[in-house]
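Peer 1: Encoded as structure tokens, here's the structure I'll be asking about.
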Amino acid sequence: MWSSARTIAAGDLVIVWLTRDLIQPLYITPGKEFNSKFGVYRHADLVGVPYGSKVGSRNGRGFIHLLRPTPELWTVALPHRTQILYLADIAFITSWLDIKSGSRVIEAGTGSGSFTHSTARTIGPSGHLWSYEFHEARYNKAREEFGQHGMQDIVSITHRNVCKEGFTVEDTVDSVFLDLPAPWDAVEHAKQALRKDRLTRICCFSPCMEQVLRTVSALNDAGFTEITMYETLLRPQDISQVPPLQTISEASERLRECEKKREEKRIKQIADARSRGGKRKRDGNEDEAGGEGTEPGATQEEDGLESKRAKTEEDPSSGLSISDVVVATTNPEQGSSSSSSANLHIRSPPPSMTKISLSKTFPEVRGHTSYLTFACLLPAFARAAASQANSGEVDRLEEGGDGVTAGLKGEGIGSDSLSVSMEVDVS
Amino acid sequence: MDPGEGSSKTISSWREETIQLGNTVLLRLPTGDTRSVKVEKDSTVSLGRVGSFSSNELVGQPYGLTYEIVEKGLQVLPPHTLQEVEDTEATNELINDGEFVQPLTLEEIEALKKSGVHANEIIKKQIEMHANYSLKTEYSKEKYKKHLRYAKSFSTVEPTIHNVCEYWFNKDQSRIRDLRIDTLSQLLHLGNIRPGGRYIVVDDASGLVVAAILDRLGGDGRLLTICDVDSAPAYPILTHMNFKKDKVSAVMSSLNWATAEEDYISLAPSAEPPSGQFKSERQKQRLSKRKLVLDSLSDTRSELFSGEFDGLIVASEYEPFSIVEKLSAYLGGSASIVVQSPHAQILADLQSKMRSSSQYLGPMVTESWLRRYQVLPGRTHPFMNMTGSGGFLLHAIKVYDDPSASSVLAFRQPKSKKAKVPGDPLPVDEFPSASGDAHSSSLNESREAASNEPSTKHDTDAPMA
């Protein structure tokens with residue numbers, strides 16, 4: 001399955017990583033060209049390049065990374081033919097079913113082959129996977145693909161409706177995975193295919209609760225035990241780096257600074273208006289009156305910009321606005337220039353200040369893929385013993401009415417179970 | 001039928017199919033608790049209130065069966081199945097919790113037990129004395145019967161990595177660094193663990209990661225662990241897997257943080273006799289033993305330093321970037337790097353650091369989520385309690401940078417997706433560093449040196465991407 005050589009050879013499947021959201025499979029065929037919005041690449045040029053290499057395009061329009069295929073990369077790169085199983089589900093199913101090196105597994109249906117690739121990797125050459133697909137076109141496509149990926153020794157794929165015809169093996173596999181619209185119809189067949197000499201396991205993958213309930217009932221009827229159900233998800237985290245959060249004393253300082261500047265500006269405007277002199281004195285008065293009403297908003301906006309700039313720029317002095325300079329020169333005795341640059345020092349973090357990393361869940365995440373229903377099947381001899389014991393049990397129960405076999409346990413018999421109230425007894 | 005492939009049922013003898021002497025076996029008790037028991041020859045296993053039995057009874061048994069303890073012996077019990085119980089007219093309307101909850105008191109029961117009365121008799125007695133039994137719904141009657149029935153029973157639990165992880169998670173999750181089974185499963189998949197693979201592992205999670213990887217390797221491949229002790233690392237969880245010892249030592253070797261340094265020089269005395277000749281047989285034995293240890297250390301070190309490993313898996317209490325920086329040097333191209341932590345902050349920091357290096361492609365942090373359901377006819381719902389967190393994972397791919405192809409500046413793009421087609425060359429001068437947003441976007445640029453596109457947008461449909 002796939003090349004394990006250090007370098008890429010002709011005929012290899014390579015995963016081309018263009019961006020995080022654009023990952024494509026590529027079969028290396030010298031003579032062909034790979035065209036993308038990140039440039040043009042000749043397949044022949046990629047032969048001999050180590051896996052994992054960054055390669056620049058011939059026309060300088062970008063670069064790509066050439067990766068070794070893994071089932072996980074293949075899953076995100078593959079052309080989706082059906083709803084595919086994602087990493088979290090596949091991984092959880094694999095561990096619950098105890099799929100490992102050498103395992104024998106049944107899968108139905110094959111779908112787009114996502115679980116097939118993952119399982120073929122995990123069981124390795126000493127294991128075997130029997131895969132069944134009832135859709136002919138999908139079956140043909142999958143078979144071709146498994147051949148291309150060198151999986152034909154590990155995976156046998158059969159075109160068949162397993163709900164009607166059952167599986168091709170009997171008393172053979174360690175686990176069965178059913179991803180079918182009506183898994184309950186395949187449960188009895190699965191039971192036949194599972195090994196009888198040891199504990200075996202089954203998983204049914206269904207998106208709807210109604211399917212789960214029918215499956216659970218079919219599993220129970222067929223004698224499966226430890227029936228349980230899980231839902232699992234993987235939530236990507238959005239990580240960002242930001243400067244340390246500001247304290248409120250910094251906010252307070254900034255607000256006071258704003259107010260001070262606004263006041264200085266107002267005084268300056270009054271002074272300007274006065275200096276314009278006699279002829280326009282009346283207009284100037286109107287300006288002054290209007291200024292008090294409208295100016296603050298405008299200045300605030302300016303201050304906002306200014307403080308933003310001050311935060312981002314390293315040199316605090318460049319953060320001084322023209323109005324600061326004007327104020328400073330016109331009123332040198334107030335020392336506003338020095339005090340404001342001192343404040344700016346506080347507000348803008350020194351360049352050496354480390355940033356903090358933040359993590360949060362993305363606003364929209366996948367909320368549900370499917371319900372994973374699991375169950376175990378005991379070895380045949382234990383099932384036989386069990387059914388004998390069970391029938392004996394039923395007889396006894398019928399004879400003795402409430403005669404129940406048991407052990408004893410102090411706690412728990414009370415509280416929620418049988419209880420009798422004083423009142424009822426007395427009456 | 002398929003006569004060809006897989007007609008033989010022998011699977012790898014890496015893990016025993018049945019319970020053997022010397023195995024450490026997990027037993028599930030009626031309370032739902034799981035107990036770990038070592039099966040030793042001719043000894044008695046005591047399960048407290050459930051009873052005790054002879055350990056020999058378990059030897060050769062397949063896993064997963066339920067037994068009732070009958071006079072130190074074991075009898076296979078029918079498996080727990082879902083009981084199809086029709087609800088009757090009975091409700092809990094007339095039933096109140098009160099003092100007469102249990103017809104027999106605990107003391108009376110103990111007295112009966114001591115006098116040698118069989119449990120079944122006691123229960124029968126108890127139910128007879130229970131006037132209002134008929135008031136119960138069929139369901140709670142069933143619950144009651146089952147509850148009593150299995151009180152003196154237990155089930156053996158197969159040591160699959162799933163079961164062993166669950167056992168340790170419930171027992172003491174801090175000892176396995178909150179590594180829940182779903183997270184562990186994802187770690188194995190993201191790490192591309194396969195038979196025949198070669199992996200470097202840092203496991204400060206009591207050996208859970210080591211156990212899981214060894215289990216997946218099935219005796220074929222290589223596992224090099226780096227630990228922080230100067231003797232062979234103790235991975236207590238390996239005991240529960242019951243691997244064959246000689247097989248483990250053939251696959252796994254360990255170094256520590258000192259011996260994993262390339263400039264490490266051993267201060268251990270030489271294995272050569274000082275005089276050039278062995279003075280005695282004892283000295284010869286002692287020195288040849290020492291030589292074996294030194295040779296094996298030197299072999300393991302050169303194996304690490306010659307590199308080309310397929311993956312690096314880390315679940316460690318140490319600063320993860322220092323680990324990744326040190327050990328990724330020994331990975332082959334396109335190898336997987338997976339780091340687990342119980343804390344999002346640790347991995348957030350790690351991701352930020354890894355993004356500033358062009359040898360890690362697509363570092364991505366994920367959190368796993370798991371919910372279990374009670375499945376009973378007509379009463380299917382999620383369990384009331386669920387585990388809070390199963391830990392976080394960071395996954396990245398080791399890549400070889402090509403400075404000529406990758407000239408970081410040439411492929412910068414603005415944060416706004418509309419401004420330029422991603423991947424287009426964009427001279428740094430054109431970059432709008434003076435804009436109000438300069439701060440954050442220049443940050444993005446430097447972080448994204450290894451990628452064609454700023455990763456402010458993630459495809460949540462494809463978590464791998």
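Just so you know, glycine gets a Cβ as well, placed from its N, Cα and C.
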Peer 1: Can you dig out which of the ranges A:231-256, A:387-412 TrEMBL describes as region 'Disordered'?
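Peer 2: From TrEMBL, the annotated region 'Disordered' range turns out to be A:387-412.
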Peer 1: Taking DSSP states H, G and I as helix and E and B as strand, how many residues of the compositional bias 'Basic and acidic residues' (A:259-275) are helix, strand and coil?
Peer 2: 17 helix, 0 strand, 0 coil
Peer 1: Just name the winner among A:Glu133, A:Asp179 (the binding-site residues) by count of other CB atoms within 10 A of its CB.
Peer 2: A:Glu133
Peer 1: For A:Glu133 (S-adenosyl-L-methionine binding site), just give me the three-state DSSP call.
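Peer 2: The residue in question, A:Glu133 (S-adenosyl-L-methionine binding site), is strand (DSSP, three-state).
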